[in-house]
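Before we start, here is the structure in question, set down as structure tokens.
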Amino acid sequence: MGLLSDPVRRRALARLVLRLNAPLCVLSYVAGIAWFLALAFPPLTQRTYMSENAMGSTMVEEQFAGGDRARGLARDFAAHRRKSGALPVAWLERTMRSVGLEVYTQSFSRRLPFPDETHERYMVSGTNVYGILRAPRAASTESLVLTVPCGPDSTNSQAVGLLLALAAHFRGQIYWAKDIIFLVTEQDLLGTEAWLEAYHDVNVTGMQSSPLQGRAGAIQAAVALELSSDVVTSLDVAVEGLNGQLPNLDLLNLFQTFCQKGGLLCTLQGKLQPQDWTSVDGPLQGLQTLLLMVLQQASGRPHGPHGLFLRYRVEALTIRGINSFRQYKYDLVAVGKALEGAFRKLNHLLERLHQSYFFYLLPALARFVSIGLYMPAAGFLLLVLGLKALELWMQLHEAGVGPEEPRGASGPSPPVLPAQSVGLASLVAPLLISQAMGLALYILPVLGQHVATQHFPVAEAEAVVLTLLAIYAAGLALPHSTQRVVSAQAPDRGWMALKLVALIYLALQLACITLTNFSLGFLLAATMVPAAALTTPCGPRPLYAALLVLTSPAATLLGSLFLWRELQEAPLSLAEGWQLFLAALAQGVLEHHTYGALLFPLLALGLYPCWLLFWNVLFWK
């Protein structure tokens, strides 16, 4: 306490902090980036292992042999679908009843906030069909789900055929202790969301749907299946869910174990697993896979129907069959055996999956990075904001503590005069105006789409995107006019007080985001922290302005798209990247209003107003 109460010692501490602040910030930022890049290298990456005792062994005998039946059902389903032009509901009901399931249907409809040009739909309606296999050895208190999405432009007939063949095979077994729901949804994720909301008796997205006539027990786990051909060369596993949620790691380990048992090739992010982790090539390949997962998770999009199950505390995966030019090919029997083994092990669960990790990163299917090992990377980046805030706070509260103060001055030191204070009330104007711009960015694009289409020759989706860009650009001109309110009281310290508030605001937002979605928080911190730390009204203003623009939330999204396609070995041209960027803006707004994705409101209501505060600081007069 003496160190802080003694003015002389306090000034000495302040001088030390100010002198070492810049090198500490650089060191902390470099340490954060280096820590993240090292996550794909041992010993930070560890081998996966099974934590749930009930699923610790694959000693089950898979007996599925209905490959021919699955192919025949797939052909019939495709024929009836081409004939009707929609999901053949009557044929599905008839086929499910013939294998001994309780069959129910659910109709749903949803008017989107604006037309979805990617899938060419606006007024969406459809019917879900599901059959329940009642457990012969227990009451209907718990259940498992096998689901197949059928969109208007998807070719998923083989998955429907395999689902029906598995239902017929499971019906002949007596060891089931959980109900099994075989679900075929229409309109892709919209049908899945409608069924989940009706099953759990909630309505979080404004979906209009009929109530479910039949229910099973509480859903313990779910698997979504997507197949586009009768043979596959590999199975790709998707784990990223809505708003960056991930399933319990034991579920991923379980499926990968049965793929290894059956000799199936399993991939993650479309990448093969590195075989040699002792050399540099293996971890470098793992780093590419890890970066792809980070970009996918940061988007907040559900990368498969399983992503919507995670919201309801249901552990789920999406399995996609890939038919490429690899030498080894597998038929539907091999895929069916892997699914049968996984469901039989899930049937042994006595409680929900909880013993393994819910927060992790995956450089490969057999390797993972736990939350305790990847969080320091974000912590180092956020430390930069804390150091810069401490520096500004000391400059505001101490008079004459700069490192240029001469040493060795003889005689008693003069009394320290308190620094001129800046009232917090004077900062309300820039904060309110910046937040108002964020609120306009969130509300006006959807509300004003009809006005824009009446006055300009654009479609509704184009009007939403153009309004977004117009408000985003207009915000660059508005906030720094508020500096007059602050500069009238303390012209030399107004920008320092505003930047201090902006640094604390940004640090709190990034810390909260990182706790729930590390990938999104780290990407935003890696891009926004350097510009936030360097921005001052003194110095090379054009350089700082270019840095701020290049690290803004919109520029981060654009750069992430280019990096994502580069890692997928499908690079984009500038024109293609811009078109993909516009489509991503429209999809982000649409998925927020349709499924409840939080990326758009986080950027519009939180990070964009905070970024405008730094823009205000830069153009301080």
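Backbone N, Cα and C define each Cβ position, glycine as well.
For reference, TrEMBL lists these features for the protein:
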TRANSMEM  20-41  transmembrane segment
TRANSMEM  357-385  transmembrane segment
TRANSMEM  422-443  transmembrane segment
TRANSMEM  463-479  transmembrane segment
TRANSMEM  500-523  transmembrane segment
TRANSMEM  543-564  transmembrane segment
TRANSMEM  596-619  transmembrane segment
Counting only pairs at least 6 apart in sequence, do the transmembrane segment (596-619) and the transmembrane segment (463-479) share 3+ Cβ pairs under 8 Å?
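They are in contact.
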Could you tell me whether the transmembrane segment (463-479) and the transmembrane segment (357-385) have 3+ CB pairs under 8 A, leaving out pairs under 6 positions apart?
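No, the transmembrane segment (357-385) and the transmembrane segment (463-479) are not in contact.
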Which sequence-distant residues neighbour the transmembrane segment (463-479)? Criterion: at least 6 residues beyond either end, Cβ under 8 Å.
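For the transmembrane segment (463-479), the far contacts come to 114, 430, 433-434, 437, 440-441, 444-446, 448-449, 452-453, 456, 554, 582, 585-586, 589, 608, 612-613, 615-616.
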Do any residues of this chain, six or more beyond the ends of the transmembrane segment (20-41), have a C-beta under 8 angstroms from a C-beta of it, and if so which?
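For the transmembrane segment (20-41), the nonlocal Cβ contacts are 283-284, 286-287, 289-290, 361, 363, 369, 373-374, 376-381, 383-384, 387-388, 390-391, 522, 525-526, 529-530, 533.
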State the non-local partners of the transmembrane segment (500-523) in its own chain: residues 6+ outside its ends, Cβ under 8 Å from one of its Cβ atoms.
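Those are 36, 243-244, 293-298, 300, 359, 361, 371, 374-375, 377-378, 381-382, 385-386, 388-389, 392-393, 396, 427, 431, 532, 556, 560, 599, 602, 606-607, 610, 613-614, 617, in sequence order.
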